[in-house]
């Protein structure tokens, strides 16, 4: 390894080579004569004249030289500039006299030093030679590997010379020394070549070229000096000075160019950072007070500064608070008041004041602002507030911007305000905030954040934001930040703010009335100047009262009128409302009068019917759950029959006219969506007491809108709406899909699709709903399927399930109403039943919608039909009816109950230990190994967020009743409470000293109960996290706890085998329930609190009387531990999850099992019901959460299949049936396409060893059994035709002759027997084997028989004479199976020696030995044309071989035990196999599809569910894992234990032909 010094220069090797080469070319060879003469001249020739120069002459001119102007510098170069003006400080120690005198090793003895007491003055020539001569002489010492360091080395020499002769230097010498000192600073700054890359810095390259050129001149001058000595001293001096001046100029240019480049780079970096933050934060532009809106937008936004002279006192108090530097000054100023009191105008004024018109005395500047408005999505979405103000703050504070870039958690962008505040504001701000500024003084950077009109946020989001902000400020000190917030009053927030020790707020309703009146007067006079000092102005002031919104609405209302019209309107306001003269009228009453006047004027000229239509338009504008355009409202309210849709008579014209007439209260945004200027108008219209005849009847309006939605959907919905070209494409891969969707799905159709369920649910559930019942019934016939398609295209498919479930509830409600009124209203029983059917059909349609929306199939809209409808397990009327219209979707058959009710599977990634569902059913929470909690969308299975905090597995999770909080218990011994919307940790409850196994909220959300391995139950205060009580009594781990509905009782289950009931208030044990014989894993109360259910290690579920503690029923059925139990909301059902991997649903009253839900592949650890009892959620150690349909869940029906080893398989001549035998004495016949059981042949008294099907027209089956008999059966009826007896031991093998006339059988009695198939007579007995016969077969021409035996031989027999023709030897162990090729020329045999051998039938020669199996070969067969051989082995595999070459073509894996029997189908392509794993499988070695595998599977065989075409790998269809489709190339699995499914694709319309799968109704 090189020494450190060498390493230091190694990185400069290229540049070092350059300078070395230059030096070698410039340095002259040392000449003795020159060296000698030089030393003599310097030592003696100039003595007298040099001493004659005075000391004063030495420095003259230096002070007169102007100081050089400072330039932009590299880091460290400022020191050089200071050296220019201050002179060069003495640094190194004095040089030796030899150096000062210019002597060297060749100069002879030094001249004696002058007497110390005598002062001598050097002459100018001596000074010149002392400095310049020494400089030139020492040039050979400069050798360095860095090019710029040449200048640095030169500078060092000059510093040394300067120190030695500092009193003998003239102005030129000093300039040279100064230049070199600055070169030394440059060298120090460039010491790290990584800082300034020569290739990228043109200034460095130019500087290098200058140094090269000037140093070459300096070396040339030295050569001339050595030759001339001092013949031309003045000329040399001047040339040296010029060289250094040019070097200095190059240095200045280098510094200046590089400095400018750095300045530009810093600006680019800052701009890039701002663009990065803008992109990642997605800040709202429109929420900024500087946003420049168009004229129309400005009017709607109403953003304006306070009219001069108004709100003076309020604004002064705000400015005083903002500029207050004291530590006592509150961080938040909250201004609140009623609607229309002018809050937004004040906030806008404050924001402008501190950014654009600030005062020099201000101690704070605007850091960020967010002006809320219902006008735009981005300004009414609460999650936009924090990112926007954070972006603004980053623009103003560079330190914060950089910290945000490095440490900001931008994943919080899509989370709730509390998380956003912490991750994007609090943490980065605190990290970036220095305690002192550069001068050591308190940091002066202070910023004001303005957030206006939080009441404009959607729902209660504004209040929630303010609540989160107040909590953050209380918990985290934010030095340098102040917040000015405006909103309507919120009693809860008022209480929170009152709890602050230091608070600042302003109730606008408390401002003196005269002050407000004066401010409003100035506003009105500014906007209506022609009424100044008039009676009308007094009337307007009286009418406005104390509300700015009244004044603003009046100005807007009068704005379109001429002066005389304005007077008339003002007069009408007072003439119609004489009580306005009463100055004590409330603000609400003033608004009522104004809004009544506006509506009266708008609708006065219309008769009753027309007035009703226009009012309905207004009501629709205000009532729709999403804002609408006039073109959407028109078709919703007016059918094509009522108005001709032409330009002259368009219904849209009527809607636009209403909007125009109501311009004072309504407006349209940039998307033409209609909104009201102020929420007070909407409040007015909805209040019957205030608006009277203008009031909106919600139920009637929603009924009308629901009918409009159905009408629009009937006209617009159809199959393949977006003309999708191929089912092979995902929607994201279809580049033209978005354009097609926008073109085909109009705004009114899109609205109807999204909101018909909303309007239907709120419609009147009485006789008026009769038309809606009929419309809904018609909709469900087929159009509902097209609706799901449209919703998927719109990206709203997750709404389908809740919409249909709510519709089912509405239909049930209507049905109950009709039942009550049936007799009085004369409704028929048929109609009543129709409504009941509707509810049931809606339930199945909802389940189907969830089945699609929660599946990867939803990523490709065609697979709604191709995959979801094809594989849907429901068999109710609705889906069967839908399938009738799609004859060419793939066929799909299921075997068993497992595929019967799984609606959705969520892959969590780790073992799931707990699941819970929110009260509204929208969110699923799961806790798993690894300490993670996940929140999932219940309708799509998409993850919402992951909650991190626990350090061990999460054993339990529960929602509060309102869904706002989540509680979790973990193996880390803690209980954690989380915010249900943001996922932010709210509190950590510590106290248990063992794992926390169970947690739950009380229904009122005030308490939490937890059970732990420390044998205790603890009750906590949910708000403060303090322990309220510790319940002790269990003698082992507490596994489960629950509150009763009223919160008065707690139940707990323990490993001590008991269930205990406690008084929740006192902690006293009320009762102990004994009965379980094993650990109690789970307990729960019924909703009414009267019963308790428990699940135990003893495999039982018990239902108890909660008050008496007696067991009501014991539910048995699970084959292993019961891990989790729960009651349904209506108390009628109990669900349980078990170690046996099943979920069972029980009738809670009768104790009978209603259904068994199979699908999980590991322990079911947790189960829960949905709020309506129609869904079950389960978590499992198989790392999944599953959603099940309780309604369509099938009762457990035992799968048909063998209960023992499958010993033999065969297929019918036409390939439609499979026959299999087993040790269970039964022979079973299966449908070869679906795997469905056709018949069971019973009659043998011991297990059946062999089966075969006849090849003639008569379909018969022959079987050989351990009971020594051979039986012949009629395959169609299952009747035994004959019994062939004669063998003395078990019959091991049977076969038919090709013509079906004879049967051959082999036996453990060492014989082969040939039988007449019709009479059952023995035709011949073939003897020769020395041990039991394992296998026999006929040649196709019936002339020969082949047999394999335990004696290791294969024998070929003449069927006619019964003689052995040939004995084939070679196997090293028992021959277990033999078969002829179709042409009879070859025999294949399999043996326990692990090999397969192919023989020449005529010669008996071995043609090939096929090796590959790792265990005994149990069965072999030839394909129809003899080109392939199949073998089954004890190694659990099936192998396909090339019969000619002996190469392995494929290895088929899947069986779980020895493969005992294999055979080819008649088509020569498919293979059927039987195994000791009790299954029969059908294989296609050349399948038409293969399974898509996960790109990075967590384990082997991680299938995605998509099956792909061969070889193109196109997506054919999606099959959920719950369907248990066998893994390709296995196409059919028949088992009594493993449910499965079969796909039929040969007649399906897929790819570009997919639209042909639909056959429209005639």
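Numbering starts at 1 and runs along the chain as it is shown here.
Using N, Cα and C of the backbone, Cβ positions are placed for all residues, glycine too.
Features reported for this protein in TrEMBL:
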type   : residues  : note
REGION : 58-78     : region 'Disordered'
REGION : 101-120   : region 'Disordered'
DOMAIN : 331-490   : domain 'NACHT'
REPEAT : 947-988   : repeat 'WD'
REPEAT : 989-1030  : repeat 'WD'
REPEAT : 1031-1072 : repeat 'WD'
REPEAT : 1073-1114 : repeat 'WD'
REPEAT : 1115-1156 : repeat 'WD'
REPEAT : 1157-1198 : repeat 'WD'
REPEAT : 1199-1240 : repeat 'WD'
REPEAT : 1241-1283 : repeat 'WD'
REPEAT : 1326-1358 : repeat 'WD'
REPEAT : 1368-1409 : repeat 'WD'
REPEAT : 1410-1451 : repeat 'WD'
REPEAT : 1452-1484 : repeat 'WD'
Q: Write out how many residues of the repeat 'WD' (1031-1072) are helix, how many strand and how many coil, based on DSSP.
A: 0 helix, 23 strand, 19 coil
Q: For the repeat 'WD' (1115-1156), give the DSSP counts of helix residues, strand residues and coil residues.
A: 0 helix, 24 strand, 18 coil
Q) How many of the residues that make up the repeat 'WD' (1326-1358) does DSSP mark as helix, as strand and as coil? A) 0 helix, 20 strand, 13 coil
Q: With DSSP as the yardstick, break the repeat 'WD' (1073-1114) down into helix, strand and coil residue counts.
A: 0 helix, 23 strand, 19 coil
Q. What does DSSP give as the helix, strand and coil breakdown of the repeat 'WD' (1199-1240)?
A. 0 helix, 21 strand, 21 coil
